[in-house]
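Working notes for the structure below.
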Amino acid sequence: MSAEPVGKLNSGATIPLRGFGTWKAEPGVVGECVKTAYDVGYRHFDCAAIYQNEKEIGQAFSELFSRGVKRSDIFVTSKVWNTCHDPQRVVEACKQTLQDLRLDYLDLYLVHWPCNWEFTGLPITADNWIPKDKDGNIKFSKVSLEQTWHAMEEVQKMGLVKSIGVSNYSIVNMLDLFSYCKIPPAVNQIEMHPYYARTDLLEFCKSRGVHVTAYSPLGSGKHGPLQDETVAKIAKKHGRTPAQVLIRWCLQRGCSVIPKSVKKERIKENFDVLFELSPQDMKELEALDKNIILNHQKEYWGFNIHA
């Protein structure tokens with residue numbers, strides 16, 4: 001197997017660039033997918049409390065370890081959910097995730113969204129993931145993102161995580177974070193694909209030494225870049241699939257990328273991306289940018305956090 005391409009984090013750690021996503025991977029399926037992904041060659045696994053499948057992933061990790069896989073062989077990311085931004089809850093949430101994943105530490109722990117809601121309990125479930133009042137409005141908390149970040153720093157100092165970072169942070173969010181952080185974010189995980197290229201944000205993060213992880217590189221099951229004629233043309237030229245081209249585009253921009261699939265052949269296909277897109281290919285793909293968010297949170301939350 002070819003050497004895994006890695007990125008260097010400002011924490012001193014390295015992150016495998018080819019990652020396996022677990023969002024929308026249903027219970028009863030996700031554990032087998034994780035083991036399949038490991039066997040294919042994935043060493044970077046992206047998780048989150050809100051995905052409500054960390055216990056099953058933990059069982060899969062336990063089975064891998066019983067086969068002789070070392071903890072240091074895999075890189076595991078998880079994320080603190082919006083309801084656990086109170087400093088005390090950040091620590092509790094991290095410990096809950098470690099318990100569920102059956103791990104002693106996380107390689108990377110992220111603030112999932114720059115959005116603070118009232119605490120509703122742990123673990124995160126379908127019944128408590130979003131706090132609402134009697135009128136159906138989300139109940140926000142009086143906790144600042146600064147307080148949350150300092151708790152993330154504490155979690156790292158406690159040895160529960162190796163690196164800390166953020167997800168879905170804009171340039172404005174990042175500028176604010178850099179004004180108060182003692183430990184800078186190692187990663188910003190964001191939606192990225194040719195229809196939502198995020199070029200300005202990517203360049204800003206690079207200029208500040210923050211690695212970018214691209215999620216939903218294939219469009220998250222919605223009509224988008226996966227069906228685009230330009231993507232299909234470039235894929236045909238290289239003898240590849242449109243999905244492989246989209247993943248490769250993210251990699252060649254210097255990002256780690258975390259596609260998800262529950263089908264063995266697709267899991268293998270999404271990993272087989274060590275080919276080269278030409279500079280012209282890269283330009284044509286970036287020219288597809290329409291600033292279209294395919295994972296729009298208004299669909300889930302009822303308000304537009306992207307505004």
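Cβ atoms are placed via backbone N, Cα and C, with glycine included.
If you look up TrEMBL, you'll see 28-289 marked as domain 'NADP-dependent oxidoreductase'. Under the heading active site, proton donor, TrEMBL lists TYR51. What TrEMBL lists as site 'Lowers pKa of active site Tyr' is LYS79. Residues annotated as substrate binding site in TrEMBL: HIS112.
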**Complete:** Rounding to whole Å, the Cα atoms of TYR51 (active site, proton donor) and LYS79 (site 'Lowers pKa of active site Tyr') are apart by 10
**Message:** Just to verify a number: CA distance, LYS79 (site 'Lowers pKa of active site Tyr') to HIS112 (substrate binding site), in angstrom, no decimals.
**Reply:** 5
**Prompt:** Looking only at LYS79, HIS112, the recorded positions on record, which one has the least crowded Cβ, with the fewest other Cβ atoms within 10 Å?
**Reply:** HIS112
**Complete:** One finds that other Cβ atoms within 10 Å of the Cβ of TYR51 (active site, proton donor) number exactly 22
**Prompt:** What mean pLDDT score does the domain 'NADP-dependent oxidoreductase' (28-289) have in the model?
**Reply:** 97
